[in-house]
Ligand code: TRP
């Protein structure tokens, strides 16, 4: 198999460049824009706690598996999966991991680029003093105005896609590595500055209480699903981005310690972003549950009130754009690498073609906020919301589940053991057991429970006035979910075991 020492696309100079690139991928809009607003929507502390548990029990084990798969395959995720499947003589169904991942990458980047475009446009707005001395209503109107204007949204979306493609066409070393080494240090400096700003000007104690006092009565099933989905999204897991980056990783680097570093930094940035944003929200008597507009209304308004806000505000959005940029690179890299391998064309051509396809998909998201706002792909969800929901809450957890099962059951034990190359066999076995049993069961339970609306089982729970489902402890769906899950789980294991033993006897 293609288990040689280097990928045709290049290799990271050392372990630290992998850490930097993977952190660049992980730290993005998910941390600075999405995490604060979903924490606000799902009630704060309890949500944060569940999210942290998801990172520890699901995110980190899956990330280790994904890096290991990439490094062993040494190709684009689609072809790495092919190679790994044939090495393990496992069933062909596992190749779904590569294909579904590429599709998820297209969908995610298409809406991600639109939001990144908002932050680009906000750099300009803040720098030119658009928010100086405006009141809150005007700040809100400014954001609404941007969303209502498809032409402007298109310009920024296009610009962001050009920036992303511009890096990736220059290759793993000259493009990705050199860009990341500049962006990442800048990012951390700015976050620290902004926390200082939040702490001195804002109400930091309310923010701390909001983020860390756990009130479990506020925790709904959907909140748990969103926390799980977000742990995949924020660590860039489940679609092959980390697998692609793993394929450029040096043989001798330790996967476990690098993954802990990346996951730790990502979590730190998310919490710090919360601590930078919520104090300002509370100090202005605003609601933390402001949704996607949280960062684009509350913050600019506040910056507009502060001395030096014009400068710091512009700087803040530059940094958001940088964070988004280093993530977008990792969303387009897996498909680019595959097209280069499959069609033997230049990276520049491959990446441009993919960029154009994603750019076109993004038009749907642009129009979700204006001309097509009435068009629903999923019930009650615009194209933008649907892409976000389908990828973060379905495709990524499913991808993660399959990755855990593949390394746990599809791959040979000694291959996984060699690839992880952990000094401590006990630690390896701990990870292996978590990955085989705890992680898949946790994902599947959350998944099935979160997706089945309780009201489809018991219409009495439906609140006729609001159309919402009562947050009850109704157990039937959970029970049915559990049974479906158990059957699916046993079937997958049986399938992979059968393939393995057949492979061995032949
Ligand atoms: N992790 C990034 C963020 O938090 C987004 C991202 C980059 C991503 N690459 C990914 C999400 C791959 C899922 C899969 O903003």
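Even glycines carry a Cβ here, placed using N, Cα and C.
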Practice task
Give the range, chosen from 127-150, 223-246, that TrEMBL lists as transmembrane segment.
Solution key: 223-246
Fill in the blank from the handout: In TrEMBL, of the candidate ranges 71-95, 96-120, the one given as transmembrane segment runs 96-120
Completion exercise
Stretch winning on C-beta pairs under 8 A with the transmembrane segment (153-172) (pool: 258-282, 350-369, 389-409) is 350-369
Handout entry: Distant-in-sequence neighbours of the transmembrane segment (311-329), which means Cβ under 8 A and at least six residues beyond its ends
Key = 24-33, 109, 112-113, 115-116, 119-120, 122-123, 126-127, 131, 160, 163-164, 167-168, 175-176, 179-180, 183-184, 186-187, 190-191, 193-194, 197, 236, 295, 299-300, 303-304
Completion exercise
Contact count check, CB pairs under 8 angstroms to the transmembrane segment (223-246), set 16-33, 45-65, 258-282, 389-409; argmax is 389-409
Exercise for the section: Report, as numbers and ranges, every residue of the chain located at least six residues beyond the transmembrane segment (258-282) whose Cβ falls under 8 Å of a Cβ in that stretch; write 'none' if there are none. Expected result: 15, 18-19, 22-23, 26-27, 30-32, 35-36, 39-40, 48, 52, 55, 59-60, 63-64, 67, 187, 191-192, 194-195, 197-199, 201-204, 206-208, 210-211, 234-235, 249, 288, 290, 294-295, 298-299, 302
